[in-house]
Amino acid sequence: MFEKSTWIRLPRNVVVGHGVRSSVVEVVDELHLQGRPLLVTSPTPRAVAAEPVAADFEAAGIDPAIVTIESATFESVETVIEAAEAEAASYLIGVGGGKAIDIAKMASHHLDMGFLSVPTAASHDGIVSNRGSVPDGDTRHSVAAEPPLAVVADTEVLAEAPWELTTAGCADIISNYTAVMDWRLAKRLKNVEFSEYGAALSEMTAEILVDNADHVRPGLEESAWVVTKALMSSGVAMSIAGSSRPASGAEHLFSHQLDRLAPEAALHGHQVGVGSIMTAYLHGGERGIWRDIRDALDSIDAPTTATELGLDDETVLEALTTCHEIRDRYTILGNGMDERAAREGATKTGVID
Ligand SMILES: NC(=O)C1=CN([C@@H]2O[C@H](COP(=O)(O)OP(=O)(O)OC[C@H]3O[C@@H](n4cnc5c(N)ncnc54)[C@H](OP(=O)(O)O)[C@@H]3O)[C@@H](O)[C@H]2O)C=CC1
Ligand SMILES: O=C(CO)COP(=O)(O)O
Ligand SMILES: [Zn+2]
């Protein structure tokens with residue numbers, strides 16, 4: 001008897017383009033959401049977008065509440081849950097980078113409330129995904145969360161954000177190549193659940209982005225358009241898979257460990273990009289695709305070395321040799337890398353000197 005089943009939850013409305021920030025109230029209306037919104041944001045996005053969106057709600061006769069979080073932690077999720085209860089909110093709107101959107105989607109999951117995603121940076125592929133990513137002591141959780149009912153991505157806002165945020169988003173997408181390699185390996189070796197559609201969409205997204213790298217240039221609003229569409233496509237791949245596997249393999253474990261060893265040294269996307277160069281080398285050796293990944297990152301101004309990440313060689317090696325412990329996710333790192341092998345791989349790929 002066939003007993004398999006799946007439940008794929010995706011946004012109902014995806015609004016992308018110049019000036020669409022002012023459509024948030026209309027999108028809420030179209031979704032028939034009633035009551036008071038709670039805008040979940042972080043310090044810079046608050047001024048950039050959350051306050052203007054709040055002003056639009058006020059102009060429409062709706063009294064919004066705002067909560068500002070500083071970090072992507074379970075404490076921040078608690079803060080938002082308490083704020084939603086104290087302010088009698090009916091739905092949440094995450095306004096910001098990966099941090100604010102992740103916290104909003106996890107809090108809305110807990111509260112059983114709808115949630116909208118309003119990105120202010122094209123820096124990560126959590127914009128539409130149904131996962132949250134949270135550090136917890138020595139480990140890092142990929143948490144099931146509420147996917148957004150709608151996404152409102154204003155390319156004018158995204159294009160005005162610092163350029164490195166956009167290159168970080170590109171690198172988060174380029175890292176899908178190695179994430180899928182790890183996923184296929186884990187299927188072959190450990191029989192983990194695998195989605196051909198999730199994997200194919202993830203790889204295709206990376207390929208389209210790399211093919212359009214010429215259109216990804218600072219000061220061009222078209223860059224925000226190209227990158228945001230890729231980020232959303234990658235998020236859909238995660239939702240199809242019901243896991244972050246299509247977009248997170250060993251290169252993400254490396255980045256998560258860097259977050260512990262050198263907090264806030266570099267952006268998430270930049271770290272996973274450099275991790276992806278090294279894990280591509282581990283998958284394919286000299287003839288593998290690591291040079292293609294490095295060149296793709298280089299072509300969009302993303303870091304390709306420890307120095308460009310603002311890290312010393314020893315921190316990179318420590319992250320590479322210990323990051324397999326971060327979570328129970330089988331990757332090319334297996335049970336961990338030997339220190340000399342890590343040094344050789346990082347040196348051969350030019351990540352360290
Ligand atoms: N759930 C998922 O599927 C995924 C989750 N993630 C998570 O997302 C996070 C990484 O996302 P990222 O966006 O890099 O992190 P942040 O949300 O921390 O944003 C990075 C920086 O950009 C700033 N910023 C955001 N928007 C603007 C703007 N318009 N103008 C100027 N500055 C701006 C933020 O300011 P400020 O500090 O003031 O907020 C912050 O300093 C990680 O926590 C990662 O784990 C990443 C990928 C997928
Ligand atoms: O960053 C992600 C995908 O780009 C997902 O994060 P996790 O590694 O926590 O699942
Ligand atoms: Zn990522």
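Cβ coordinates are placed from backbone N, Cα and C, and glycine is handled just like the others.
Per TrEMBL, the feature NAD(+) binding site maps to G98, K99, A100, I101, D102, T120, A121, A122, S123, S129. Annotated substrate binding site per TrEMBL: D125, D172, H256, in sequence order. The feature glycerol binding site is assigned by TrEMBL to D125, D172, H252, H268. According to TrEMBL, the Zn(2+) binding site annotation covers D172, H252, H268.
Everything TrEMBL records as a feature, shown here on the structure.
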| residue | record | CB count, 10 Å |
| --- | --- | --- |
| G98 | NAD(+) binding site | 28 |
| A100 | NAD(+) binding site | 33 |
| D102 | NAD(+) binding site | 26 |
| A121 | NAD(+) binding site | 29 |
| S123 | NAD(+) binding site | 30 |
| D125 | substrate binding site | 33 |
| D172 | substrate binding site | 35 |
| H252 | glycerol binding site | 30 |
| H256 | substrate binding site | 23 |
| H268 | glycerol binding site | 25 |
* To do: Among the binding-site residues G98, A100, D102, A121, S123, D125, name every one whose Cβ is found under 6 angstroms from ligand 2, counting any of its atoms.
  => D125
* Structure fact -> In the three-state DSSP scheme, H256 (substrate binding site) belongs to helix
* **Sorted by sequence, non-D125, D172, H256 residues with Cβ within 8 Å of centre, substrate** => G98, H124, G126, S133, S175, A247, S248, H252, S255, H268, G269, V272
* To do: Report the largest Cα to Cα distance, in Å and rounded to a whole number, among the residues G98, K99, A100, I101, D102, T120, A121, A122, S123, S129 that the record lists as binding NAD(+).
  => 16
* Asked: Where the criterion is a Cβ under 6 Å from an atom of ligand 3, which of the binding-site residues G98, A100, D172 meet it?
  -> D172
* To do: For D125 (substrate binding site), find which of the binding-site residues G98, A100, H252 come within 10 Å, Cα to Cα.
  => G98
* Helix, strand or coil: which one is D102 (NAD(+) binding site) in, per DSSP? -> helix
* Distance between D172 (substrate binding site) and H252 (glycerol binding site) at the Cα atoms, whole Å? -> 9
* Structure fact -> Among H252, H256, H268, i.e. the binding-site residues, the one with its Cα nearest that of A100 (NAD(+) binding site) is H268
* How many Å lie between the Cα of H268 (glycerol binding site) and the Cα of G98 (NAD(+) binding site)? -> 9
